[in-house]
Amino acid sequence: SQYSAVDTNPLSVYIMQPIWNKIIKIVPLWIAPNLLTFSGFVMILFNYFLISFYDWDYTASGTSPGLVPTWVWLFSAFTTFCAYALDSIDGKHARRTQSSTPLGELFDHGLDSWATSIFVLSFFSVCSRDNGKTGVSVYTMYIYLSIVLFNFMCSHWEKYNTGVLFLPWGYDISQVVLIAAYLLTGTVGVEVWQKPLLFGYYITDVLVILLIGFSLFLSFPQTLYNIHRAHLKKTLKNDSLYEGLLPLVSPLLLFVLLTVWVVLSPSNILAKQPRLFLWMVGVAFSNVICKVIICQMSSTRPELFHWFLFPLALVVYAAISGLLGCMEETVLGVFTALVTAAHVHYGVCVGRQLSEHLNIYIFSLKKRVQE
């Protein structure tokens, strides 16, 4: 199916697009667009591991504010900007080199579905977790991450039903806010997040309120409106309500299972291992969404239950029933590693299948030799 996306965000249209149009001219024509996409993702990943190294349990900014060196925050601003730029120009570069393919679209959105959570998890290091005085509780972090992922899911669920990807306004705004937050932290220090900004509210409170407001009052209603409009115009991809809602079943069940684990965990797993748990949430979610993206691109039906839900349900049951006992953290670690490996394996397999099917290389513009 022909890829169609609509971007109506003034920030993107009037400010960012002209910048990307200048940057794209520097990119050599022999570079494959997927290489741009992948480079951006690798930068986000590298930055995440760098921050994790200095701040594994999200306490560095709160209890010992000098623990993360200033250069790390400035480096974060730089990598976030580069990733944002690369993600914004890969499509333009594909059209410029006449190499737009379904593989490129899947590669772009698939990596975005994973990067979304990594951006959020890196940002949590800036505001630090609650230490009684400042910071954000790990439960707020979990809800915050869930809302961001819910927003991402909505835009792809919308595309599954309408055939058009309406680029969420939140994307450009969040990237610019992230870069600004890292620059602010690097220049002023993490202390800026620990002083009340307005009426006793901290910057982090304001950001959380903005995010929730954006999602519930802008993003989600817009999605429903776009689907409703397509329904009136008779351009919906799916005839029945069941078909239309099908992609939402697995992500919602995933959220329910994870929330049950968070709330009923005997050892309070989220407070003990916030970084591991939230990483696992992001990876599991990304895999579920990739399936929806593939179904939407190939016009096939998503299965009702994603396979991740079965092992997850077992682990959650074993954890909350007390079967795991003091092994809960270890099991989380093993499960997280397996989920991550499964997701990477899935990505590699799909990439290879598509590159063979379309007779192209993933990271090169050379055509495969015809048999």
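Heads up, the Cβ atoms here are built off N, Cα and C, so glycines get one too.
What TrEMBL annotates here:
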TRANSMEM  26-50  transmembrane segment
TRANSMEM  70-86  transmembrane segment
TRANSMEM  136-154  transmembrane segment
TRANSMEM  197-220  transmembrane segment
TRANSMEM  241-264  transmembrane segment
TRANSMEM  276-294  transmembrane segment
TRANSMEM  306-324  transmembrane segment
TRANSMEM  330-348  transmembrane segment
Residues from the same chain, set at least six apart from the ends of the transmembrane segment (136-154), whose C-beta lies under 8 A from its own: 58, 112-113, 116-117, 120-121, 124, 127-130, 168, 170, 174, 204, 208, 211-212, 214-215, 219-220, 223, 248, 251, 255, 262, 270-271, 274, 277-278, 281-282, 285, 289, 292
Feature contact check the transmembrane segment (276-294) with the transmembrane segment (241-264), CB under 8 Å, 3 or more pairs: yes
